[in-house]
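**Student:** To start, I am sharing the structure in question, which I have written as structure tokens.
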């Protein structure tokens, strides 16, 4: 058995043997620094629905063992699992500089946060290398919260949103205590295994405590209503991680966006007057960022194959008052026109070599998203992404003008969707050449895909395991230097990958 397999087997055995297993009270559980919920789903290979994740994590660990040695690989692996189960250390917002200056919005945001956090002061930091990005430290995990007898159970996706500052909206509520009334103080838990039945009055399964709040509705309002309710169901007053709630706050001036997602648009570096393609654009965060960096001059074509998502792109463009964006419902693999395109046809398919720059933020396994306390994908689902990504990439190369720039990105940590795709692209398309990235605030690429050390230096990988998640309280925040906080924000973010290519010729 390989060293990587031995590490995985040992970790899986520790979980299945019940040492430090999940407790009914649903605390954020750790054993020797590992999040047990991730350990269960990633390491226990008897769980059929997570075989795909086990395979990818196994390959990840094997590459780490090969590059770093067993002890260091195991440390990084444990750090990775721990980080993925917690939110990033900062809430990141992008300023819509098309409508206001960063200074103006920073002041308005600080005032809003002061209203929400009356008992202490949290700074708003401007990123020195990403001038349109503001950073708000996240306080937590808070260990002094008292659990209430009245409980609300929410779905895992809703729970992840709460950990990043959201209130609980009614559609996310699965269960509520029998006698819950509007105005009650309730404890909110995330059903990470998806086993709670809708409308249940009690849930004794595995659940993670994510904070306390005040119910806006009674149990009967939530589950007995003839219509579908949409508003806030629980207003979070004491979440485990304290982040500002930015729902409908300065909505034309701010856009919530993970730090690496904002880096991508700067790396593509669109210029006013150019024709840009965002191939997999929903919900439009990067699309609107590209248009803003171009000063709304030129043309940004945004595509997605799902109509409702295209509608969301258009809504965001209108909200931010950006006029150069044109959104179309189209499968990116079918975006290339065969033969001559009809005169006057504005949308896809598009003529070959008709775009100055292309952003390809591909569909992926999402194994870098944070927080995420459980995955339930099958092997077939996990393995489906690489061929789809290659189809999209091949189309993008054909649509790009000679001399044009193509940026490929994912929000996952897997080698197969990142460095292996770069190696494949360079072998398949001799016209492509890797380029250096600016800004480059992430780490280098990961060994194991056959790329040279110089090529790895040109890649940008945001690896959550590169920092030990220690949490932040108000005292440690006040004692921290701004430079140290910026450095932490660069590292303690979602897992992400960026590669930048230039097309040398059309052959």
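One-based numbering along the chain as shown.
Positions of Cβ are set from backbone N, Cα and C atoms, glycine also.
Just so you know, TrEMBL annotations never went through curation; they're auto-generated.
According to TrEMBL:
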- 411: active site, nucleophile (ACT_SITE)
- 280, 281, 282, 283, 284, 285, 286, 304, 331, 361: S-adenosyl-L-methionine binding site (BINDING)
- 179-504: domain 'SAM-dependent MTase RsmB/NOP-type' (DOMAIN)
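Help me understand the surroundings of these features in the structure.
**Tutor:** A sphere of 10 angstroms centred on the C-beta of residue 411 (active site, nucleophile) encloses 23 other C-beta atoms.
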**Student:** How far is it from residue 331 (S-adenosyl-L-methionine binding site) to residue 411 (active site, nucleophile), counting Cα to Cα, in Å?
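**Tutor:** If we compare the Cα positions of residue 331 (S-adenosyl-L-methionine binding site) and residue 411 (active site, nucleophile), the gap is 20 Å.
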**Student:** Select one residue from 280, 282, 284, 286, 331: among these binding-site residues, choose the one with the most other Cβ atoms within 10 Å of its Cβ.
**Tutor:** 284
